[in-house]
Amino acid sequence: MRPLLSIALVLSALIGPIITLPNGAPESVCNTMLPFHGGGIPPLTTASPFRITPVTSVVGSGQQLQVEIESFPANVVFKGFMIQARNRFPPNEVLGQFELTDESAIKLINCGGESNTATHTNTQLKKDLALEWIAPANFKGEVVFNATIAQDYDKFWVGLVSTPVKVVESGQGPTSVVGISTTRQPPTTTTVPPYVPRATAASDSSDPIYQGCGDTKGCFGFPEGCVESRNCRAVVATIVQGERYIFEMKSGYNRPAYIAVGLSNDAKMGDDSVVECVPEQGTVNAYASWTFAGPYGVSRQGIAQNFIRLLEKSYVDGVIHCKVERDAVTTVKGQKFDLINEKYHLLLATGLKADSTHVSYHDIGRHVSGVPLALAEVGPVQGMSKLLLRLHGALMLTAWIGTASLGILLARYFRQTWVGSQLCGKDQWFAWHRFLMVLTWCLTVAGFVIIFVEIGGWSQVDNPHAILGVVTTVLCFLQPIGAYFRPHPGTKRRPLFNWLHWLGGNLAHIIAIVAIFFAVKLQKAELPEWLDFILVAFVAFHVFMHLIFSIFSWIQIGGCASERRNNQRVTSMQMADMTPSRNSMSSMDRKQDAAFSGFRKVMLFFYILIIVAFVVALVVITVLAPIEDAVESIKKQIMN
């Protein structure tokens, strides 16, 4: 029996340290917080579905604070846990004590202090557990809650850290720290006001996120110049403390909106490391993600989450505010990001849609820093120039609202106006038509080349504007080539050319106008939605003028035909068809202007005035986009 007893004692000694502890963590792991799981199973380093969430970010000394263990996505369960509050700064001692609120699920142990650590009492499934912690009476400073969460025997995470909680003198908390709300907000409900896409987000001029911009931290936001006016829709501040790199971000509308900042080598989306702050179930969570090019996209899948830490967060009235610390040197997707020695473009984006794996298209806004930045260098951060983008819009608007509209009108209705007067050896209508259409061709080709240079390739935006623009450019490009090879008047192929030339020109004009309507929906264009009304007014005016000219043309043609039928006389004012598809004229037609020429000249002058007004208005709105911010800036300058 004695040998058997000895063997049993040896086995128990070997097995003891590696069996699970269903009754909670022992005091022997107060420092490591590492579970006694068999086989040397290491903790997981992937992103944890669990978060440690203090309900406030400030608490008075000696006061009670609720701390929650939450899961994202919801309803993820766990079996065991260990949690304690530690001083945020060395020596990182365990502070405060927990209250025993549920003896069936929670027990308290002593880790250098009485009841200062909470753990489980059994391995039954748990979710969304709430604990009560009491701040130490003789301590003022910042604490963080450290936790180990075991989802299963071989699936656990060690070192989960909450956002910091500031312990202040009793009677002062809860309060606010650096402008961040300390009261945890309930989940967003359906009573949210309607979304206003052009509203300003971080618009409080006293907002602490702007304090120190250009002096102690670099700040970057949009629209351009908003940091100086402290009126950004979205803003990121880069804070460097030794080898600590902190990104403070703020964005907010009256609907939940994420905000993200990416580090890019080329100022274009694709192969960039991104840090996201995403509103989820009434709180804010931070994630690391990666952007892909061709087609563009963002994903967290396969991206380690252990090189970022959410330090502070708030989500109040649709405004999201977070501070995320990132490791100085990381390797993501095989690419090294060295914030100490390398420079990067900042990609700032915000949008409405996000799910458990990625954020969606930045439908609220996006901005890119103009030059690569060394994050440790403090100074003004300018956005990438939008000159080429604005120039593209101005050229296309001038071409298809202005010169093309006028050129088509002249060719259709003014073939027998200014008869006998020529320009460069050609009839007035033809000389001006050719000049205006060549100008349209030059403006269109220039705008097409400029936008390809700006984007660096084909647009990945889910909007028909790019396709319609390409079709318009192709048709426009072919028009002068066809005109150069047109058959001589009187040949049997000349009518076919006339119809094809007419069809190509009008089709390009119509498609171009439709493309401009779709351009208003492009987030990058930053055009106001009410611009659609101006475009509708232009279309209505253009159609109305065509209708007026057509009515008088048919009246004239009908009158001449009646006279011929009655054989009363042959008028010297007999008029050829005003349409470009039929351009035969008798020698008498060319001696003097056709009937109603004076009326047509007056209407043409009126048409030119209105078209110029449309072009000027549209170009100004496009070049100064977002026009609301430009107007507001002008008002402030006038008031000052």
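The backbone N, Cα and C atoms fix where each Cβ goes, and this holds for glycine too.
The domain 'Reelin' annotation in TrEMBL covers 15-186. According to TrEMBL, the feature domain 'DOMON' maps to 232-351. The domain 'Cytochrome b561' feature in TrEMBL is assigned to 348-555. Feature annotation from TrEMBL assigns signal peptide to 1-20. Residues annotated as transmembrane segment in TrEMBL: 394-414, 435-453, 465-485, 497-518, 530-555, 604-627.
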Other parts of the chain folded back onto the transmembrane segment (435-453), taken as Cβ under 8 Å at six or more residues beyond its ends:
388-389, 391-393, 395-396, 398-400, 403-404, 406-407, 410, 469-470, 472-473, 476-477, 479-480, 505
Intrachain residues whose Cβ lies under 8 Å of the transmembrane segment (497-518), provided they are six or more past its termini
396-397, 399-401, 404-405, 408, 437, 463-465, 468-469, 471-472, 475-476, 478-479, 482-483, 486-487, 532, 535, 539, 579-583
Are there residues at least six beyond either end of the transmembrane segment (604-627) with Cβ under 8 Å to its Cβ atoms? List them, or say none.
198, 223, 390, 393-394, 397-398, 401-402, 405-406, 409-410, 414, 525-528, 531, 534-535, 537-538, 541, 545
What same-chain residues lie close to the transmembrane segment (394-414): Cβ under 8 Å, and 6 or more beyond its ends?
428-430, 432-433, 435-437, 439-440, 443-444, 446-447, 450, 469, 472, 505-506, 508-509, 512-513, 515-516, 538, 542, 545-546, 549-550, 553, 578-580, 600, 604, 607-608, 611-612, 614-615, 618-619, 622-623
Checking distant contacts: for the transmembrane segment (465-485), what same-chain residues at least six beyond its ends satisfy Cβ-Cβ under 8 A?
396, 400, 437-438, 440-441, 444-445, 448, 451, 458-459, 497, 500-501, 504-505, 507-508, 511-512, 514-515, 518-519, 521-522
Long-range Cβ contacts under 8 Å made by the transmembrane segment (530-555), restricted to residues 6 or more beyond its ends, are 401, 405, 409, 412-413, 513, 516-517, 520, 577-579, 596, 599-600, 603, 607, 610, 614, 617-618, 621
If I take every residue in the domain 'DOMON' (232-351) and average their pLDDT values, what number comes out?
86
Go ahead and report the DSSP secondary structure tallies for the domain 'DOMON' (232-351): helix first, then strand, then coil.
0 helix, 79 strand, 41 coil
